[in-house]
Amino acid sequence: MKTGGSDFHENHNFFNSSSPLEILDLTYDVSNEPNQSSMNNGTPICSNEYCVSDEDYLAMIQDYIFPTPLEWILITLHIIVFVVGLVGNALVCVSVYKNHTMRTVTNYFIVNLALADFLVILFCLPPTVLWDVTETWFFGRITCKLVLYLQSISVSVSVLTLTFISIDRWYAICHPLSFKSTAARAKTNILLIWLISILVVLPEAIVLDTRKHPIPLDTIYLTDCTYTWSENSTRIYQLFLLLFLYVAPFLLMAVAYYQIAKVLWNKNIPGSSEMNHHPSRTTVSKQNGKNGATVRLLTVNPSCEGQIQSRRKAAKMLIAVVVIFGLCYLPVHLINALRYTIGLPQNSATTVVSLISHWLCYANSSVNPIIYNFMNGKFRKEFRNFLCCACCRKSYRNRRGDNMTGTRYRFTTSVTQLENINLTTIERT
């Protein structure tokens, strides 16, 4: 699946935008080898009305791909996402690794989600934002396959991880007695998630390749990274990914979290009676004076109530993650669905919407740690501890340096004073 990629560039490319190059014949026949050779040897490039030299034509291309004010804003937004995403997702992984009490089944899945987001931000964001802005793939065939393949794997891993979390929580909360969630099972599921993702988007590693636009000049500018199979195959593949990686998972997650919410905000929670029959419960007996019957009243176990509240908070956080993920990926999926069904107009408005939708996909990779910070006390505490420790270590090094300087100064002063005392004693003698 392309979160930007070749599908995005179908609506954002050299031939579908107004530019100074429209003065040239953009329907240049690439099969006309003699003319192409002569053009590259210095013969002016001519359309029906204009002729320009190779140097002028190249300068016009360079001027065309230079970032516009809107694209500079886009670059700034991507830089913010890059920094926040790398730091935030790294903090998530470090927090769970260092704090043994946070190594829960759900947090293992969250770490897997953070790892996928970290990888896509680190390896995919820089080259693709350059591609979006310059409309040129500068990095060759192999990188074209690897970067976009890794990007699609990351999207698939994110969707499947959220789906597995919802299924795990559904079993744990709605059917606690028929399912045991363990760390070993979670790790196995994580491996399964990566295996499925690698296989589902494998066609992209095979059919993606670079393609030079048919312009009358031999240059890397305006080179595209796109599918090499038929348009109908692309349509079928994209619609399959739309169903497999968006529609079906979110329908499943919607049903799962709806039932989870019903259970958690219902007094009769499955398994709560078993949890309440704990040695710490309080039993009050009352004797009925008429028939001698005894009525036993069981108070709710405080630890059970605390666990329920904790699960409610966790459910709210996970639902927020799923909703934000769905909103961020909705525009790009909607654009792909429209493109491969009824078609999209090729104009500046479509280009702007495509740029924003592409940025939203990357923004989603950086927003999850922010959600954890606001909605999960343990993650918030670990984030603060880590950041405070980093600041404290820097402050400690500064204080230690100052203390060492002061110690050296006091030691030197003491030695000088001692020498003066010795000299005075010798003179008196």
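Cβ atoms here come from the backbone N, Cα and C positions, even for glycine.
Per TrEMBL, transmembrane segment is recorded for 72-97, 109-128, 148-167, 188-208, 236-258, 317-335, 355-375. According to TrEMBL, the domain 'G-protein coupled receptors family 1 profile' annotation covers 88-372.
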> Taking a Cβ cut-off under 8 Å, which residues six or more beyond the ends of the transmembrane segment (188-208) line up next to it in the same chain?
Replying inline: 1, 6, 108-109, 112, 144-146, 148-149, 152-153, 156-157, 160-161, 164, 168, 225-229, 237, 241, 244-245
>> I'm a bit unsure how to read this: which one of 109-128, 148-167, 236-258 has the highest number of Cβ pairs shorter than 8 Å with the transmembrane segment (355-375)?
In response: 109-128
> Can you tell me the mean pLDDT for the domain 'G-protein coupled receptors family 1 profile' (88-372)?
Replying inline: 85
